[in-house]
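Trainee: One structure is given below, represented as structure tokens, and several questions about it will come after.
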């Protein structure tokens, strides 16, 4: 295989500023996601003083806050953390779909990386598994994705 120039992001959060959006709905799950993201960024050299936690009611409100945060120029990355758990009505589908589309749109339009840490699960047990038990911690994964993307974009 021929040699290709490869651009990769380093996992160094030193000097970067992060906005962490976290929903209050299902906060017993979301707080674990936040803890995972903050711990990860700190282990990568980031400072808690460079992280701002924004609490919102639920997932539907995340895109508008992410848009304002990205446009502010104060943050290198936005990490969106929440948990939408399926109920007996189609409400889950509307909220999950619109929040997902909205967060992706913010990243594309602003050029600021947005980490997607919005759990969309069928059960509470699945959400707990993805917030720090056997399914890993999706807050860590969202923070890692944002950090790596920031560092890659710096090289493009």
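Cβ atoms are placed via backbone N, Cα and C, with glycine included.
Found this in Swiss-Prot, in case it helps:
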- 25, 59, 60, 61, 83, 84, 85, 116: 5-amino-6-(D-ribitylamino)uracil binding site (BINDING)
- 88, 89, 130: (2S)-2-hydroxy-3-oxobutyl phosphate binding site (BINDING)
- 91: active site, proton donor (ACT_SITE)
Trainee: What whole-number Å value do you get for the CA-CA distance of residue 84 (5-amino-6-(D-ribitylamino)uracil binding site) and the residue listed as 'active site, proton donor'?
Mentor: 10
Trainee: Have a look around residue 59 (5-amino-6-(D-ribitylamino)uracil binding site) and count the other CB atoms within 10 A of its CB, chains all included.
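Mentor: The answer is 28.
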Trainee: Between all pairs in 88, 89, 130 (listed as (2S)-2-hydroxy-3-oxobutyl phosphate binders), what's the biggest Cα distance, rounded to the nearest Å?
Mentor: 23
Trainee: Most Cβ neighbours within 10 Å: which of the binding-site residues 83, 84, 85 is it?
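Mentor: By the 10 Å Cβ neighbour count, 83 comes out on top.
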Trainee: Please state how far apart, in Å and to a whole number, the two most distant Cα atoms are among 25, 59, 60, 61, 83, 84, 85, 116, the recorded 5-amino-6-(D-ribitylamino)uracil-binding residues.
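Mentor: Pairwise Cα check on 25, 59, 60, 61, 83, 84, 85, 116 gives a maximum of 17 Å.
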Trainee: Round to the nearest Å and give the CA-to-CA distance linking residue 61 (5-amino-6-(D-ribitylamino)uracil binding site) with residue 130 ((2S)-2-hydroxy-3-oxobutyl phosphate binding site).
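Mentor: Answer for this pair: 22 Å between alpha carbons.
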Trainee: Sorry to bug you, but what's the C-alpha spacing from residue 60 (5-amino-6-(D-ribitylamino)uracil binding site) to the residue listed as 'active site, proton donor', rounded to the closest Å?
Mentor: 11
